[in-house]
Every structure is written in C-alpha cells, then in structure tokens.
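Here is what TrEMBL says about this protein:
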{"type": "BINDING", "residues": "S56, T57, R58, T59, Q83, R107, H134, P135, C136, Q137, C259, L260, R287", "note": "carbamoyl phosphate binding site"}
{"type": "BINDING", "residues": "N165, D218, S222, M223", "note": "L-ornithine binding site"}
{"type": "DOMAIN", "residues": "2-147", "note": "domain 'Aspartate/ornithine carbamoyltransferase carbamoyl-P binding'"}
{"type": "DOMAIN", "residues": "153-297", "note": "domain 'Aspartate/ornithine carbamoyltransferase Asp/Orn-binding'"}
Amino acid sequence: MKNFLDIHQTAQSDLRGIIDSATAMKDARKGRSRGALDDDLPLKDQMVALIFEKPSTRTRVSFDVGVRQMGGQTLVLSGADMQLGHGETIADTARVLSRYVDLIMIRTFEEQTLHEMAEYATVPVINGLTNRTHPCQIMADIMTFEEHNGPIKGKRVVWSGDGNNVFASFAHAAKQFDFELVFTGPETLDPEQALNGLYTTVRDPSEAVKGADLVVTDTWVSMHDPQSARERRHNQLRGYQVNDALMAKAKPDALFMHCLPAHRDDEVTSAVMDGANSVIFDEAENRLHAQKAIMRWCLEK
Ligand code: CP
Ligand code: NVA
C-alpha cells in the first residue's frame, strides 16, 4: 500500500512519475493530447475521505474536483465535527474509516497525527498539510516551474521569509529533484534543524536572490502559529518582503511563486503577485492535476 506522506519518503522515480502523469492528465483534459488519461476513470466506485482540521480553499476544492474528474466520490469531513475532535483516538478513527473508504486525505496540526493515521489505516493516506510539511503543494510547484522554465534540476530556488512547513517540503524536494535551495529570513524563524544540509542560508535577501530562477514566499503567520505572534513576526519579516526591487535582482526570467492564501502587501506586493513573472494561479491550478496523479499513484496496484 502506498501513502503519500512526505516528499523525502517517496522514491525519486515515483515523484518524477507523478509529475509526468499529472502533466499528461492536464494535457489530455485541455485537449492538447489524445491520451485522455482520466477518461478511464481510475477512481470509479472509489470513495475518498477528505479530513480538514484546519481551513482550506485550494486543497479542499482541488481534491474534491480531482476525485470527481476521475470518477470517484468524496466525503469532506471537518475534524471538529468528527469524534476525532472529541477524544476518539486517531488509530481507531483510521481503522473505522478504512472500512468505509478507499483513500484518506488529511490536513492536520501535528505530523504525528498524519503518521498515526497512516500506520493504522488499511487504505492509502495523503498529507494535505501539517504544521511541518505540505508535500502536495510542492509537487504542484515543481510541475508549474517545469511548465514555464524547463527542468528544475540544477536551478536556484530562493525562499524569502518564514522557514515554515511549505519551506520544509521545498527542502525535501531540493534533494529529490536536485535543485539548489537558498533560505533568506531572520535567524529567529530559521527552518527546523532536521532540514540542515538540504539548503543554504543567506541572511541578506538582496544577496540571496542574485541568480535566482525562482523566488518563493508564504504567509508570515501560518495557521498553526499563535495570532499573538503576529506583530512580532511582521516586525521580524518586514525586510524579507518580495517586491519589485527584490525581483529585479533575480534572473530576468525568474518566476515568482506563493502557495496562497497571500496577504497582499505583507510578504509580497500586489505588483509582484500580479506581475509578468508571477505564476501563482498556475500553481493553484496544478494542485488539481498533481493531486490527481498522487491519488492514481496511491491506488495503483
Ligand atoms: N495552498 C493551500 O494549501 O491552500 P489552502 O489552504 O486554501 O488549501
Ligand atoms: N504556511 C501556511 C500554508 C497554507 C497553505 C500555513 O500552514 O498556514
């Protein structure tokens, strides 16, 4: 049985296969190729549980639409409304859900919850974001980069801001897809130590973005961060805003990415978000195609 829990726990050949399959399904759906890969309805008669313990727009809608495009059905469940939110163990929830559904996607807080769900479920489990990682997002991001600027191998990717969960999945991807990853942000918001060796740090954002093929940022306050930290974080991160002056120091064809939702004119200016180098809405679209490929891969015998 195949789970999609983290990029570093998935073989390089499988990751590449998922990107290729996502691209093929996207091309077929857009009428750009004749291989209508999702016309054979790989999820026919399959039921997929989508569990959300945190808010979501993209993950919720892209998984739900993706399952339906592949012939399956979904149950979108709020963690708080389930017994899971009222004391039932994750292990028991996993065992019960496995009797009803064919696949589980969960967005949760602790990484441990995801791993326990995967350990006790007898159907595949997909990570839809935890406090520590967001692998589905980064699969869509790699696909998006390669659509616009070719193979990501050997390219320079610069992350400006908080060393958070989305950064962590970029760090895992840097090793698996063999690109250079640079972190620029304040020392107080450095990525977790477990990621050391997967990226380099350049404190000065203007230096960091030199030669960048891709500049990425994310919200300064993630869903798991206390709202009380908001002002402090804003003060720490203000110098790491992605704006036209910073983008001008990257390569002229450098792309700009943000997983969204964005806080316009905090971590990134509207001018960059809506500018010619921004591919934020392609990224959002590619969540759909990448996750369809991830679900197919999970359910392949
Ligand atoms: N990027 C992302 O995961 O968005 P949502 O929180 O809207 O799902
Ligand atoms: N870092 C953000 C990503 C949201 C998709 C968060 O965890 O809130």
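A Cβ is built for glycine as well, from the same backbone N, Cα and C atoms used for every other residue.
Only N165, D218, S222, M223, C259, in sequence order, out of the binding-site residues C136, N165, D218, S222, M223, C259 have a CB under 6 Å from ligand 2.
Neighbour list (N165 (L-ornithine binding site), Cβ cut-off 8 Å, at least 6 residues apart, same chain): L129, T130, N131, R132, T133, H134, S222, H224. Not one of the binding-site residues Q83, C136, N165, D218, S222, R287 has a CB under 6 Å from ligand 1.
Looking at C136, M223, the binding-site residues in this record, the fewest other C-beta atoms within 10 angstroms of the C-beta turn up around M223. Regional average pLDDT for the domain 'Aspartate/ornithine carbamoyltransferase Asp/Orn-binding' (153-297) in the model is 98. In this structure, the binding-site residues under consideration are S56, Q83, S222, and the one with the smallest number of other Cβ atoms within 10 Å of its Cβ is Q83. When the Cα positions of S56, T57, R58, T59, Q83, R107, H134, P135, C136, Q137, C259, L260, R287 are compared pair by pair, the longest gap among these carbamoyl phosphate-binding residues is 31 Å. Taking every pair among N165, D218, S222, M223, the residues recorded as binding L-ornithine, the greatest CA to CA distance is 12 Å. With respect to D218 (L-ornithine binding site), the closest of these binding-site residues in Cα terms is C259, chosen from R58, Q83, C136, C259, R287.
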